[in-house]
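As annotated by TrEMBL, Na(+) binding site applies to SER152, ASN184, LEU303, SER307. The transmembrane segment annotation in TrEMBL covers 98-122, 142-166, 178-199, 294-316, 337-358, 364-387, 408-427, 455-480.
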Amino acid sequence: MYYNVINAWAFWYLFHSFQNPLPWAACPLNSNHTGYIEECEKASSTQYFWYRKTLNISPSIEENGSIQWEQAMCLILAWLTVYLCILRGTESTGKVVYLTASLPYLVLIIYLIKALTLHGAVNGLVYMFTPKLEQLANPKAWINAATQIFFSLGLGFGSLIAFASYNEPNNNCEKHAIIVSLINSTTSVFASIVTFSIYGFKATFNYENCLNKAMLLLTNAFDLEEGFLTADNLNHMKEQLMATHPNEYVELLPQIKNCSLEAELDTAVQGTGLAFIVYSEAIKNMEVSQLYSVLYFFMLLMLGIGSMLGNTAAILTPLTDSKFLSTHLPKEVISGIVCFINCIVGLTFTMEAGNYWFDIFNDYAATLSLLLIVLVEIIAVCYVYGLRRFEKDLHLMIGHKLSWYWKIMWAFASPLLIISLFIFYITDYILTGTLQYQAWDATQGHLVTKDYPSYALAVIGLLVASSTMCIPLGALAIFIKRRLKREHRSTVA
């Protein structure tokens, strides 16, 4: 329901990428044309374009506002694109995935060449590869890492099972599992190098811009010789000016920001903020910014559509395989109904408070529930169906016996790791206390922390329950069904 909103935003930014200059390159003028809009000045041009022009976000989740029709049209376009890709069923969807999976690599290679030549890229790479051992004691870091792996590999969503159901019986799934895992991890590191190179460029640009403003301010205020202040002697000169001209320096102090490259690099952003604010801010400072903007948001769109095809395949495969539905409705109609319902519900995320609801779905719909679902899958295969029976099935498929490594990973290591992550998650939830969210404060031009209202907490609980309750409810339904069959047989006998 919610994931395709990212594709809607990608379409929105892609369409605006053809403008010269880019619409997020500078703050717009106010109504009197005497200066810039106050909200944009307090934030930044990229933040203003994201929070005001794109989302037109409300001050809190409690103020729903109206549907933003530009975003709604982009969402309809995103769902129409997905529908056209899945129109012929899961078999044809696999062919579309070849395109949506390969094109981003081409764009990433182009971006890698550009990113490594950017000023300050090395600062980002040093920051990326410098380990922070204190983060190993942070449960949130492990939860985020596990969630990332689950999302990137598609574990627990059903999409892998849906696509695999069309494989040949003698498919070498062991080889493919290793290849997919290696490609996934390599791609993550590759994409991270590109991201942190651009992130280093952005941080260095902001840091040097901060230094230049401070040097210009001090040069004008104390009538210093032009070029006298440099990045190397700035801190020393600050101390000297404070000692020799204390009154003048104190008056000027509120306007002088503490410039720190480390602080700029530490302002880590993730999710939509990284995709639509940090990258767009870096792109606007590149040469031929329109070209790199089109390439980036086209890549983002391809990745988003690829993910959506997997998500929809997980839903459509059991529906189209159902004898009851397939005899009454063709595949195209079933796919159309699923896309239409999701599109209508997804319009909720195009309201002024839609981004807050998007964050709820993104943070809670597939975190704790994913851990539980994958844990149940492992227990079901290893301990209910039986590891020996599963091993025989794989032997029949791949033609040779599995090594001890796989058995240890499935039977012991994986369940233990997931249970540990589950404990981390619950511990983090208890320590956090009341769940909070980041709301946009237009008067201050930055995000502020607020508590979720009671009905939002109820939705969070419902989201977690809805994706996990199908397991015990399904087990109960099968138990009742078998019980009724036994009673029917005994009655007949």
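Residue numbering: from 1, along the chain as shown.
Positions of Cβ are set from backbone N, Cα and C atoms, glycine also.
Whatever TrEMBL says is automated annotation, not expert-curated.
On the structure: features taken from TrEMBL.
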residue : record             : Cβ within 10 Å
SER152  : Na(+) binding site : 14
ASN184  : Na(+) binding site : 13
LEU303  : Na(+) binding site : 20
SER307  : Na(+) binding site : 21
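Long-range Cβ contacts of the transmembrane segment (364-387) within its own chain (Cβ-Cβ under 8 Å, at least 6 residues beyond either end) map to 2, 143, 146-147, 150-151, 155-157, 407, 410-411, 414-415, 418-419, 421-422, 425, 460, 463-464, 467-468, 471. Long-range contacts of the transmembrane segment (178-199) within its own chain (CB-CB distance under 8 A, at least 6 residues past either end) are made by residues 105, 108, 111-112, 115-116, 118, 121, 124-125, 127-128, 148, 152-153, 265, 274, 278-279, 282.
Contact between the transmembrane segment (408-427) and the transmembrane segment (142-166) holds: at least three of their C-beta pairs are under 8 Å, each pair 6 or more apart in sequence. Taking the mean position of the Cβ atoms of SER152, ASN184, LEU303, SER307 as the Na(+) site, the remaining residues of that chain whose Cβ falls within 8 Å of it are PHE151, LEU153, GLY154, THR187, GLY306.
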